[in-house]
Amino acid sequence: MELGNLTGFSEFLLLGLSEEPELQPLIFGLFLSMYLITVFGNLLMILAVSSDSHLHTPMYFFLSNLSLVDICLTSTTIPKMLWNIQTQSKVITYKGCITQMYFFVLFGGLDNFLLTVMAYDRFVAICHPLHYMVIMNPRLCGLLLLVSWITSALHSLLESSMVLRLSFYSDLEIPHFFCELNQMVQLAYSNTFLNNMVMYFGAVFLGGGPFVCILYSYSKIVASIWGIPSAQGKYKAFSACASHLLVVSLFYGTILGVYFSSAVTQSSHSSAAASVMYTVVTPMLNPFIYSLRNKDLKRALKRLLGMAVMKAPIILGLKKCT
C-alpha cells in the first residue's frame, strides 16, 4: 500500500465479521433480523410511554429516551454493514467513516449517561420516596437529559477531530464491521500519542465516572432495601430497580468482555465479533428486559397493540369502500 493524502474521495475497506463468501447470506439474515427487532421493539417502548398518561413519570421519560438512543446507535452501523453485504462491496468513504465514528461515539456515550441518570432516579425513588416527585421534577429531568446530550456531543466531536489530524495509508483495510474509534487510531501511521491520551481520558472520566456513580447509587439502594423490615417491602423495592440493574450489568459486562477478549486474543476479527454484543444485542434486549418485568409497561403495550389491531379492519374497510 502507498501513502496517500486523504481527500473527500478517499475510501476505506470494512472487512466485516467474516470474509468467507458462503457466510455472508447467514450474517445478512441474522443482522437484518436483529436490527428489525431492535428498531420495532424500542419504537414500541417509545409509543407505549407516550400514549399512556400513567407512564409520564421521570423513570419512563428516561426509558423512552434510552430506547430512542438505542435505535440511533444500531442505525449508525448495521444499515451500512447490510448494504455492503448486499452489494458485495466493502467500501466506505473517509467522510462516511468519520461521520459513522462521530455518531457511534455520541450515541454510545448517551447510553452510558442515560443509564447513570436512571440509576440516580432509582436511588431517589427508593431512598427518598416521599420527596421523589419534588426532587425529580420536570426541570431537573430536562436538565439531566440536556447535559447528557451536550457532554456526549462535545466528547464525540473531540474524538472525531483528533482522528482528522491523523494520516492513513490509502485503501486502508479496517478489520471491523464499522469505523470503530480505537481501530482507526491503531491503524494510523502517524503519531497517535495524543489520540491515545484523549481516549484514555474519555474512558476514565466519561466511562468510568458514570460507572462509579451507578455503583454508588446502588450501594445506597442496597443499604436502604436492607433496612426495610418486611420481606414484601424488600421485594417490592428490589423489583423497582431490577430491570435497570440487569440492563446496566448487560451493558458494562459486554463492554468489559470485548476489551478483555481483545486483550487476550489480540485478534481484530474476534474483537469485532465480540463488539456485536454491546452494539447490537444489548439494544435489542433492552425493551424485553423492561417490558417483561413491568406490569404498567405491559399494560400500556397491550393497549397500544389492541388499538392497532382494532384500527386495521377499519382502514381495510375504508380501502374497500373506495
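Even glycines carry a Cβ here, placed using N, Cα and C.
Where the annotation comes from TrEMBL, it is an automatic prediction and has not been curated.
Model, not experiment: these values are computed from the prediction.
The domain 'G-protein coupled receptors family 1 profile' annotation in TrEMBL covers 41-290. Averaged over the domain 'G-protein coupled receptors family 1 profile' (41-290), the predicted model has a pLDDT of 89.
The feature transmembrane segment is assigned by TrEMBL to 26-47 (among others).
Annotated transmembrane segment per TrEMBL: 59-78 (among others), in sequence order.
Within its own chain, the transmembrane segment (98-120) has Cβ neighbours under 8 Å at 59, 62-63, 65-66, 69-70, 72-73, 76-77, 80, 92, 144-145, 147-149, 151-153, 155-157, 159-160, 163-164, 178-181, 184, 206-207, 210-211, 213-214, 217-218, 244, 247-248, 251, counting only residues six or more beyond its boundaries. What TrEMBL records for 98-120 (among others) is transmembrane segment.
The transmembrane segment annotation in TrEMBL covers 140-158 (among others).
Under the heading transmembrane segment, TrEMBL lists 197-216 (among others). Panel annotation: around the transmembrane segment (197-216), residues 109, 112-113, 115-116, 119-120, 151, 155, 158-159, 162, 181-182, 185, 248, 252 of the same chain, lying at least six beyond its termini, place a Cβ under 8 Å from a Cβ of the stretch.
According to TrEMBL, the transmembrane segment annotation covers 237-260 (among others).
Among residues of the same chain six or more beyond the transmembrane segment (272-292), those with a C-beta under 8 A of the stretch's C-beta atoms are 16-17, 31, 34-35, 37-38, 41-42, 44-45, 63, 66-67, 70-71, 73-74, 77-78, 175-178, 180, 243, 246-247, 250-251, 254-255, 257-258, 261-262, 298, 301. Sequence annotations record features per position, and here TrEMBL assigns transmembrane segment to 272-292 (among others).
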